[in-house]
Amino acid sequence: MPSPKYKRVVLKLSGEALAGEKGYGIDPEVVNSIAGQIAEIIKEFGIQVAVVVGGGNIWRGLSGSAKGMDRATADYMGMLATVINSLALQDALEKLGIDTRVQTAIEMRQIAEPYIRRRAIRHLEKGRVVIFAAGTGNPYFSTDTTAALRAAEIEAEVILMAKRVDGVYDSDPLKNPNAQKFDELEYIEVLNRGLGVMDSTATSLCMDNNIPLIVFNLEVPGNIKRVILGENIGTIVGGERK
């Protein structure tokens, strides 16, 4: 049996990933499919998986701010949206027999644990999935930054950035059929070229803490397992090129 390349990972899911074709709300079939891919790598390889979910399928803080809403208030609403998504994913995982804990950066003890770093690591060591909800708990910080921050805190080996495209391109492949895909990038290139893989805060945090990032297409079944096994799919973003 092939051996996995990574033991502890942070999986970053956009809120839109849970919405499926509709683009808004939560599609239970899509959530179940994602949960199935996560369960597969845990049952087969014992991978320690932490998840960060966005909230854009329910609410976008930047959109609310652009329409005149107070930015901090709009961002807090977005954080609550991530909690809704996290509970949906927790439910799907537990139906597959995977013990799952949701930890929120804003306390809401009736439905989830507060974020405690040492407890999160202990859960992972016991084979539980930990879903980090409510962003960093602070407005003005994206869920991409949450993924970078939590990856650094729990000493994850890699961030798996699940997208609707199969990697990083020099322009939007959904709009430009001639867009060129990168197999490998340095973080400084991402920043200098404004490639939009993550926002600049998240990118800088990954760069400063030497956390590699793999951008891959979530919509291809089995891709999470392929990434874990080190197959050459997607785009890897890291320090200096080999």
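Yeah, the Cβs are placed from backbone N, Cα and C, and that goes for glycine too.
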Inset, instruction - According to Swiss-Prot, Gly55, Thr136, Gly137, Asn138, Pro139, Tyr140, Phe141, Ser142, Thr143 bind UMP; so which of Asp75, Asp166 is the extra one listed there? - result: Asp75
Inset, instruction - Give the range, chosen from 20-25, 122-127, 176-181, that Swiss-Prot lists as region 'Involved in allosteric activation by GTP'. - result: 20-25
Legend entry - Distance check against Ser14 (ATP binding site) for the binding-site residues Gly55, Tyr140, Ser142, keeping those with Cα within 10 Å: Gly55
Legend entry - For Tyr169 (ATP binding site), the three-state class that DSSP assigns: strand
Legend entry - Chain-internal residues near Gly56 (ATP binding site), provided their CB is under 8 angstroms and they sit 6+ positions away: Ser14, Gly15, Glu16, Gly78, Ala81
Legend entry - Minimum Cα separation from Gly55 (UMP binding site), reported as the residue among binding-site residues Lys12, Leu13, Tyr169 that achieves it: Leu13
